[in-house]
Amino acid sequence: MVVEAMSSCQFWYFDDITKYGRIEVLNNYVPTTLVTISILILLHNFFIRFYKYDIKKETPTPSLSLKLSSLNLSESDEEMPLTMHAQHNYGSHPSPSELNTDSSALYDRHFSINNIDSGEVNDPTKYHLIKRNMFEKFRVVIEFVIVAFQLLLHCYLSIEKSNLNGDLQKFHFKPHVLLWTILFTLATLRVLNLNQNNKFVNKYSGNIWLVSFANYTVIFLAHILPFRSALIGHVNDYGSSQYYKSQFWLNLVLMALLLTSPIGNNLPVLYQPQQDRAPSPEPYVSLLTFFSFHWVQPFINKAYKNNSLSHSDLWSLKLEDYSINVMKSFLEFRNRPSMRSSRFGISLLRYFLNLFMFQWCFTTISAFSIFVPTILLKKLLDFIEHKDKGSMNLAWFYVFGMFISRFIVAICDHCNLFLGRRVCVRMKSIIISEIYSKALKRKITKQSKPADENNENDMIKHDEVSPQEVNDTTHVNADEESYSSNLGSIINLMSVDAFKISELCAYLHYFLETAIMLTVSLILLYKVIGTAAFVGILITIIIIPINSKLYAVVGTLQAGNLACTDKRVEKLNESFQAIRIIKYFSWEDKFKEGIMLVREKELALLLKRCMVWCVLAFSWFITPTLITGCTFAYSILIEKKQLTTPVAFTALSLFTLLRDPLDRISDMLSYLIQSKISLDRVQRFLETEETDKYDQLTVDKNGKRLAFENVTLRWDSDKDSFVLRNLDIEFMTGKLNVIVGATGSGKTSILMGLLGEMQLSEGKIIVPSLSPRHEYQSQAGVINDSIAYCSQAAWLLNDTVRNNILFNAPFDQARYDAVVEACSLKRDFQILKAGDSTEIGEKGITLSGGQKQRVSLARALYSSAGHLLLDDCLSAVDSHTALWIYDKCISGPLMEGRTCILVTHNIALTMKNADFVVMIEDGKVKEKGTPIELLAKGLLGEDENMKKSIISRSASSASLKGKSERSLGTTPAPVEIVQDSTPVNDDGKLIEEEGKAMGFVGKEIYKWYIKMYGGWYTIVALASVFTAILCLQITQAWWIRNWTVKRFSDVDESNYNLPASTFIVESRNRVLLTNEAGKKESENQNAGIAKFLVVYCLIGVMSSIIGSIKTFVNSLFGIRASKLIFDSLLDRVLHARVRFFDSTPIGRIMNRFSKDIESIDQEIPPNIQSVFYSAIEVFATLLLISYITPAFFPVAIIIVLGYSIVGFFYLTTSRELKRLDSISKSPIFQHFSETLVGVTTIRAFGDEQRFIKENLSMIDQNSMPFFYLWVVNRWLSFRIDLIGALVIFSSGVFILLNINNIDAGLAGISLTYAISFTEAALWLVRQYSELEMNMNSVERVLEYMNIEQEPLIADPANAVTPPPQWPDSGKVEVNNLSLKYAPHLPYVIKDVTFTIEPLEKVGIVGRTGAGKSTIITALFRFLEADTGSIKLDGVNIANIDLKRLRRSITIIPQDPTLFAGSIRSNLDPYDEYSDEEIFTALKRVNLVSTEEMEASTSEIQSNSSKNVNKFLNLESEIAEGGSNFSQGQRQLMCLARSLLRMPKVILLDEATASIDYNSDAKIQETIRQEFNNSTVLTIAHRLRSIVDYDKILVMDAGEVKEFDHPYSLLLEKKSIFYNMCEDSGELDVLIDLAKKSFISRLNSDSKK
């Protein structure tokens, strides 16, 4: 019986709450406080909403909130679409001319995400209501009835108070009546608003659900202790007892009703952007479901049932989580005056401050609740030890308290982590979006930086831009430590750095939790051990800076490691982008060597980091032992205190508790350092200079002019940078303007100047418009004043042909057909299996060079732009097609009234209809005017052939018109067509969907990794080390127990058995608090204690050393596995067939080499370590528990089964989500790469916002599996923690039920080891699941181990080794050759036979799809012969080594490729030639002249009016892809490279297409002279370049149609070759040249 005569203000006495506590505190103060707070909240909500609805216009806010009053409801509908108040026309825009043309306003109109049409987010049909079903309505009615009953009950009790007895007589019922009146009013409003159509409730009530729930919860909590008092008989009168019991159950029901109902008043509105994708149920889940993560259970069930998930099975994100809404909200926040000067990282932290504060609230509750179970555990053991002095009721209270506190910790921890993951998803979206947006805004060249900035910004690779048509542009910074912002490093920013930053922010709350835990632990230590605790604190303070220094070293190594990773990714990306060139020249081994050198540096830094990490690990392991030993030594030896057993074990337990926060802060500091490095990298990139396009271009008021007024332009601020000087050009509006000039004179740079991509030094550039493309949507189909651009090297999207032409413009069948006709694409659509629905692959890989150029031209022509800039679009097509395009496209009806500026070398073709000509020479305007004026001055051709060609064009124009119906007609004659490029499927699909394995990661994956890791012997050895560590920890614990038994036999075993288990597992929940000092020990016991401390410390040191060795060994073997896996992967990919690269996007390949390799490098080894240790720990713990308390073993089996079931469900789902997460990253990489390469074209079209929007969409596609992966992770963790709480509860119940048969020592060990086992099992499940998910990276890499390889010898049975000098003559024999791309596909080369004699020059011609390129690829064995053979000097190429074959012949490809490095490294990668030989080769291809080589450098630089020729310096840097040289210069460098090799067989594939005619003539002369000892095969569209060859091979439909001397073919007017020459408009000139060559050959033969 509780003594009631207590102090009037005492709340608790002995084992129960006092009467004062029940009556005054819980039943008077609590309701009064609730009434006050509820009234204030309701009034605040009412007035806020009243003013909000009166002042604010009722406009919808579709991006983040939806007005429920705008919904049309029908009682019969279960789910209805959203109808908004006012439908905004989001697709319409004001006329661009009416908008602000200020540069900053223009900038925002192009790039601001706030201006992006949110698309489906603004579509009201995408929103759906979840209506309350009858059960939910019934629950609201039940709530109303109970609240009404409560109101009536308390009114009655208030009236009858004088007649009541006991506690009720002292109640103040007025606060109760007022409180229940408020709650009754709220319940009434909820009933009135059941169908969501009560405007008053919706507008003015605020969140009445939250107010009601908070009140019900607090009232329920206030009645728990009185209910307990009634149960245990401490409430004297019957009426009061029944009141407490009834209030407990009634308020529990009320709380449960709202706890299980959807959160909030309003019916949930779900966003469903796709009809085949279910919306996220998160908005309408109940609070209980939310806390328990049960709302994701249907998703888990689906994954378990199907054993697989597809992307369409994923739920949508919440509306607020979609990246476009996140970005709009973030940018709005960042544009606040107080935030504009903040750095990016600070802005992110402040933006998410509200979510962080929610986390901190949960963290604070969790951090303090962590200590409750251990305190109650000690109390419980004290009761068991002294049963006669304690209360059984209080013991049961302790057991329930342990369960409740663990339950609270579980809820708080997982809400923390869930909020952190939401921050992570949103932050990753922001970072990637900002990086992408910055990439669109950046200048394409580096700019000068202030002296205090070390980072240089190199050029991105832009395949479609030839920025400098002369010898120099931007240097690539040679400093390896500088920040290189090229393609590879930018991809690394978004794939690695964005992840590291966002991942850290998901766990920032750990810093606060650790601080609280450390503070509480240290305070308790001081209370237990006194001033000696400061010794431990001092050691902790000393160790922290030492560890911080080590962390700084780790940070430095991490920065170096990331720099190496960047370099490796750059080299890999460059290699895969140029894989055809690498294979042509058999450079796979050379490039692999260069990549592996960087990889070895990367792994060396990783190993160094692991070594430092091992030192840190030793510090972590030894710290608790060091602190304990020093503290006890100080207490015994300095303070001369007698260290009692209770004090010793309490201190030991608290020191053990310190290990967890110390470990956590160590991990978090490591993550913080890595994230800070990543954030700095992102910050540096975001600070790079942006395009000045909108500042330096002036918009013409009439929207017509394109002009330069005394303009000087340069590419960058380097003194040697190429400069356009004194440009004063007024292009003719609505006419054809032609720019001509020699290769490298600056033609492309003029177009870049008009597009604002060059740096304006002086003058004024006038353009018709700078409005973004989306602002013209309302004018679709009408020619406007915008600009369209067709680059010299076609830039195409990895999409269908049609989508590339449309470029997101509205489809107009008539206009589309006209454009296809004008660009001569009809016949090409017949070639392609799916016509214009054919996927063209990455960089248009399925198309020939001419097809790519025509698709790019069609895109510009189809656009509504009134001004077209065409950069040498005729160079890549044959003469027939060039004439067609010129007549039907450039001069055709679709160009009527549009301004066209055409850069070209084909003067003879383009002068006929040109209205204005600009001739460029060395960056200056040499002459401008009409073609007749320039012709009169002799500037359009100095030789007679050029003049004759222009005259012959005029003379033959009539015949051309007559034959246009025959050869240029819109309907070509039916012909058999072959595929002359990469084949596609019948449905036109080239790019295969990325494969996704199903089910568990297979055993073969683990076996393969173990093989790479070191084999089974290594695994056994590692397991032995883990076992040794665990044995040492157990030995340390048992040493404490044995010493305690020996030295303090007068102290009960419960005081020494219990803490011993704290050293089995580093757990934060094993503290035993003791407030009583044990019996005094004599001073001579101190010697025994000192001996104990020495042995204890020695065991701890041994355990720490072995633990560090374990970490190092695991890291060492992990690095070994990484090295072997990367080496194998690189080798397989580099030697894969070309078809693999055609059908696999580079972004997908790079995903393997970036994110997957990173997982293998840095995530799998720690996972292996954790899984091994946890598994051994669980096994050892089971043995110990079974040994001490055998009755626990069946319970442990049930627990294992429970964990296994939960873990199996989790693993099935998380594995599939991890795979989907990996797959959905690849499109982001691919889209990123495409955008970076095509940024000039995108900006020229003003289409930035569309690409930003597409990037946001792809981020969302990746965020779905990533977010739900971590929600499922929370689902697992909550259930495991709940099982753990139930284990503690059941253990306590078991002890109390058997209290007479168990002592305190056994009870303590049983309970503590049960906790230990639960946490060890939890960690095992988590880490194994994590390992399984990370092994998905190994699985994806192993998938590439099976890609088809190029055979070294196609026919091993007949393998031969040719002599060293082979080939010595250069004879090529093709016998009955037939080729097909795959066994199920038709032949592309059909029974072809021809022979090329040694030293012959043979030109290969034919229409697109004739098979020209296929023949070339067959010579390099890209395709193996299906039938027939190709012999080179009598040796069948199928029988010789592939490397030997490719090194014996040389090709100069149509798309020349250079590699990052120097001119020397590109011309002579193996250092085989002298400087003199290299300069001679450069001179022969006209890249340098004799005069330049003889002139001194000072003389060249002194002439500031001329651009410096960078080819005079062989160490001049070449940017990635050679992007700092023009297309023509790159072709000439490739030719120079071939001149150095001087092979017996050389193949030229349109090698001079981008070179001016004069240079072409010189190059052809060089080819004839320099390759007079070589056999030359040339594919050419310029017939003049091959008409004097020895023979012409005419192909059509995969067959040889003609093969003879060109003059012989021209004598036959019905020949295909004659028709081609006639179509070119240069028939007379070609006949004359062929005749001269024929006569020369006859004379040469007669002399022989």
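Counting starts with 1 at the first residue shown.
The backbone N, Cα and C atoms fix where each Cβ goes, and this holds for glycine too.
According to DSSP, A1410 (ATP binding site) is assigned to coil rather than to any helix or strand. The annotation ATP binding site is assigned in Swiss-Prot to 741-748, 1406-1413 on the grounds of sequence analysis.
For 361-674, the entry in Swiss-Prot reads domain 'ABC transmembrane type-1 1', with the evidence type sequence analysis.
For 706-947, the entry in Swiss-Prot reads domain 'ABC transporter 1', with the evidence type sequence analysis.
Look at Swiss-Prot and you will find 1032-1333 tagged as domain 'ABC transmembrane type-1 2', backed by sequence analysis.
The domain 'ABC transporter 2' annotation in Swiss-Prot covers 1372-1622 and is backed by sequence analysis. Taken together, the residues in the domain 'ABC transporter 2' (1372-1622) have a mean pLDDT of 82 on the 0 to 100 scale.
The N-linked glycosylation site annotation in Swiss-Prot covers N72 (among others).
Taken from Swiss-Prot, the feature N-linked glycosylation site applies to N306 (among others). In this structure, N306 (N-linked glycosylation site) is part of a helix by DSSP.
If you look up Swiss-Prot, you'll see N471 (among others) marked as N-linked glycosylation site.
The Cβ of N710 (N-linked glycosylation site) lies under 8 Å from the Cβ of N726, L727, D728, E762, G763, K764, each of these being in the same chain and 6 or more residues away along the sequence. The N-linked glycosylation site annotation in Swiss-Prot covers N710 (among others) and rests on sequence analysis.
The Cβ of N784 (N-linked glycosylation site) has 22 other Cβ atoms within 10 Å, all protein chains considered. The N-linked glycosylation site annotation in Swiss-Prot covers N784 (among others).
Taken residue by residue with DSSP, N798 (N-linked glycosylation site) is part of neither helix nor strand, so it is coil. The feature N-linked glycosylation site is assigned by Swiss-Prot to N798 (among others), with sequence analysis given as support.
Annotation comment: Swiss-Prot describes N1042 (among others) as N-linked glycosylation site, evidence class sequence analysis.
Secondary structure from DSSP puts N1255 (N-linked glycosylation site) in a helix. Sequence annotations record features per position, and here Swiss-Prot assigns N-linked glycosylation site to N1255 (among others) based on sequence analysis.
The N-linked glycosylation site annotation in Swiss-Prot covers N1376 (among others), and the record cites sequence analysis as its basis. Around N1376 (N-linked glycosylation site), the same-chain residues six or more apart in sequence whose CB sits under 8 Å from its CB are D1391, V1392, T1393, T1427, G1428, S1429, listed in sequence order. A strand conformation is recorded for N1376 (N-linked glycosylation site) in the three-state DSSP classification.
Look at Swiss-Prot and you will find N1503 (among others) tagged as N-linked glycosylation site.
Marked as N-linked glycosylation site by Swiss-Prot: N1524 (among others). For the recorded site, N1524 (N-linked glycosylation site), the DSSP three-state label reads coil.
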Nearest to K1412 (ATP binding site) by Cα, among N784, N1255, N1524, N1573 (glycosylation sites)? N1573
Residue among binding-site residues G741, T743, K747, A1410 with Cα closest to the Cα of N798 (N-linked glycosylation site): A1410
Of G741, T743, S745, N784, which is closest to N1255 (N-linked glycosylation site) if I measure between C-alpha atoms? They're all recorded positions. N784
May I ask you to report the DSSP-based helix, strand or coil state of S745 (ATP binding site)? coil
Taking only the Cα atoms, work out how far N1573 (N-linked glycosylation site) lies from T743 (ATP binding site), in Å, as a whole number. 28
DSSP-derived structure type at N1573 (N-linked glycosylation site), helix or strand or else coil: coil
For the transmembrane segment (1089-1109), which partner among 28-48, 501-521, 523-543, 612-632, 1168-1188 gives the most CB pairs under 8 Å? 612-632
Out of G741, G1406, which has the highest number of nearby Cβ atoms, where nearby means within 10 Å of its Cβ, if these are the binding-site residues? G1406
N798, N1255, A1410, K1412, N1524 as recorded positions, winner by CB count within 10 A: N1524
Can you tell which of the recorded positions (N306, T743) has the fewest other C-beta atoms within 10 angstroms of its C-beta? N306
Cα of N784 (N-linked glycosylation site) to Cα of K747 (ATP binding site), in Å and rounded, measures 25
Quick one: give me the count of other CB atoms within 10 A of the CB of S745 (ATP binding site). 25
